[in-house]
Amino acid sequence: MARKKIALIGAGQIGGTLAHLAGLKELGDIVLFDIVDGVPQGKALDLAESSPVEGFDAGLTGASSYEAIAGADVVIVTAGVPRKPGMSRDDLLSINLKVMEAVGAGIKQYAPDAFVICITNPLDAMVWALQKFSGLPTNKVVGMAGVLDSARFRWFLAEATGVSVKDVHAMTLGGHGDDMVPLVRYSTVGGVPLPALIEMGWLTQEKLDAIVKRTRGGGGEIVALLKTGSAYYAPATSAIAMAESYLKDQKRILPVAAYLSGQYGQNGLYVGVPALIGAGGVEKIVEVKFDATEQEMFVKSVASVTGLIDACKQIQPALA
Ligand code: APR
């Protein structure tokens, strides 16, 4: 069986980590693409030179032309610029929108059958724009945020309870912003939902509230520590889990930014929901039941996403 092909658009911090993980897991041959000439080529060569030591077989190439992504099975997009001090949300939106336009055109031309995972921020708006610009089916274009936000939630819970991360499951839905929706009732430690865990005295309500708050600010916490960039190990791992579920038809249910067409009462936007990822891309969206508080949080989060999408439409009327 021929190897799968994984194209990484953006060879920065996350792009390089994605390439490393995809190589170590032997997911396929890897192409790193970036507009900065030399960087994707240099990272690809460095990683290729690590493969004899780790013992993985993967083609690793760097490219500055979209032709190199031809026929990719998976495309993971991290291209863009981060928000810098003094830059408004709209400044960032308009810069990264232009990047999505170029990336979308490249995917449309060279990898129209790929499963596309967008990581570029502001995530929910960028994945929406990327789907529009690429014209790929909505079930083949997703955004990575929920796996990462849930992983942060899981880690904080594991740390607080002293339980292995393997036995801690959590679900964070909604947009990838400060008003994301960590779902306490659907999160478990050793199979026990968090509210029951509080009744058992394993966790206090105060501690849980603090963990939820920390989860919401998880990205900012890393930025504050790193000072010159944002998180990359956990974001890359999260996207690789999504890619692997698609490539191996694992049918995992993962929280991803998926296109909603009626589910959760929403239409025509991308927002974080649990989705079954298999060989067909997003094969099913799981509609969990919300209680009144969860519903209120979800609607608020969707409103933020809609605000971002409206801003995109103002900047780029072709998207309206
Ligand atoms: N086409 C291809 N690559 C581009 C383009 C473009 N039009 N514009 C920028 N890039 C490249 C940059 O040259 C850089 O190498 O995208 C890369 C981004 O890498 P980093 O700046 O290191 O950012 P990273 O930490 O990888 O995060 C990427 O993911 O989490 C989000 O907010 C984060 O939007 C950011 C993205």
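Glycine residues also receive a Cβ, built from the backbone N, Cα and C atoms like all the rest.
Features reported for this protein in TrEMBL:
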ACT_SITE  H176  active site, proton acceptor
BINDING   G10, A11, G12, Q13, I14, G15, D34, N96, I119, T120, N121  NAD(+) binding site
BINDING   R83, R89, N121, R152  substrate binding site
DOMAIN    5-143  domain 'Lactate/malate dehydrogenase N-terminal'
DOMAIN    148-310  domain 'Lactate/malate dehydrogenase C-terminal'
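Sequence features, as recorded in TrEMBL, placed on the structure.
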residue : record                       : Cβ contacts under 8 Å, 6 or more apart
G10     : NAD(+) binding site          : F33, D34, V77, T78, A79, G80, T120
G12     : NAD(+) binding site          : D34, V39, T78
I14     : NAD(+) binding site          : T78, I119, Y232, P235, A236, A239
R83     : substrate binding site       : R89, L92, N121
R152    : substrate binding site       : R214, T215, G218, A234
H176    : active site, proton acceptor : N121, P122, L123, D124, G143, A145, G146, D149, A257, G272
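Selection of the binding-site residues G12, I14, D34, R83, I119, N121 by a Cβ distance under 6 Å from ligand 1 yields, in sequence order, G12, I14, D34, I119, N121.
Over the domain 'Lactate/malate dehydrogenase C-terminal' (148-310) the predicted model carries a mean pLDDT of 96. The NAD(+) site in the record is lined by G10, A11, G12, Q13, I14, G15, D34, N96, I119, T120, N121, and its two most distant CA atoms lie 17 Å apart. Around D34 (NAD(+) binding site), a 10 Å sphere centred on its CB holds 22 further CB atoms from the protein chains shown. Residue environment of R89 (substrate binding site) contains 13 other Cβ atoms, counted within 10 Å of its Cβ in all protein chains. Take R83, R89, N121, R152, the residues named in the record as contacts for substrate: the widest Cα to Cα gap among them comes to 24 Å.
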